[in-house]
Amino acid sequence: MEGFAKKADGSVRVVKKFRSRAHANPLSDDHIKNPSSPDDFDYAAFYPGFSPEKRIAYFDIGSGYGGLLSFMAPHLPDDLIIGMELRVQPVSYAQEQILRQRNPSRGSLLEGEKMDEESGKRRFLEKDTPAVDLSPIPVEKHHFNNVACVRCNVMKAFHRYSHKGQAKGLFILFPDPHWKKANIRRRIVSQTLLDVYAYSLKIGGHLFIATDVEDLFHWMCDHVDTHPLFERMSEADQEKELTSAEQFVFKNITEVTADATRAQRKKPTEKRHKIVYRRIIAKKETEFSRFFE
Ligand SMILES: C[S@@+](CC[C@H](N)C(=O)[O-])C[C@H]1O[C@@H](n2cnc3c(N)ncnc32)[C@H](O)[C@@H]1O
């Protein structure tokens, strides 16, 4: 599908209408359907072959095109992983990618392609979308039944996917910076959301954060540092505490997603920041402590 846009000099250029918007408004998403509670989530449909009692262990919050999901799945074959993403096109791309990894006879998406939801045809997507399997484990050796992606506004519906203390790890990779003062409330790290993330994480579970935006990195760290239920982990602690698969995933998280690739292409010399927090029992007793322990 193509349309036309007028340039400043009055000439006309063709634009691709199916190109994904860079942002969706998380404060207006009333049409998205989510389960009414974690028990209402259709595990059988999303994770074929896994027992319905098995709960999701790893959540990729704002998963974009699902690069982390495909990367993680073979390394954590016994754990369920979910990507949660607000925008339609990245979700359909990630879902299609997962289906193709489960069933290679569907073919693989080529760099820069996606499936158009309505027509089912391949469409151009974005330069930086990783369309290849980034895992060093050969695809054919893994089933990819342990990974799924859903359309979800985490600001409103994260809690519908997770019971208290069920998560082993949450990932927030290259989140939108939302620079304007009025839009800071759209960031997916906030004290309120950290409460929800803390509720979902088991004690000793981990929150993994990465970004290429230094100011945002410090801003997020300030929020998590001041939250009573999270504590920074040193590199030595990470080596002791994270499983070898988690360590491997963390080592690579600034490489494997579409936004990681974009950051690498646009600002190859700039540092990418990453950090791990541990979910702890409240540093200080509060009137709400009983909800979290
Ligand atoms: C900059 S992209 C990064 C995507 C991916 N993590 C990566 O590294 O490539 C941030 C993603 O978060 C998604 N997002 C922003 N707010 C969200 C929300 N409230 N709920 C779910 N996803 C959200 C955006 O749609 C976008 O795809």
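Just so you know, glycine gets a Cβ as well, placed from its N, Cα and C.
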Q) Which of these, Leu173, Leu194, Leu201, does TrEMBL list as part of the S-adenosyl-L-methionine site with Gly62, Glu85, Leu86, Asn153, Val154? A) Leu173
Q) If you draw a 10 Å sphere around the Cβ of Leu173 (S-adenosyl-L-methionine binding site), how many other Cβ atoms fall inside it, taking every protein chain shown into account? A) 23
Q.
Is it possible to get the count of other C-beta atoms within 10 angstroms of the C-beta of Glu85 (S-adenosyl-L-methionine binding site)?
A. 27
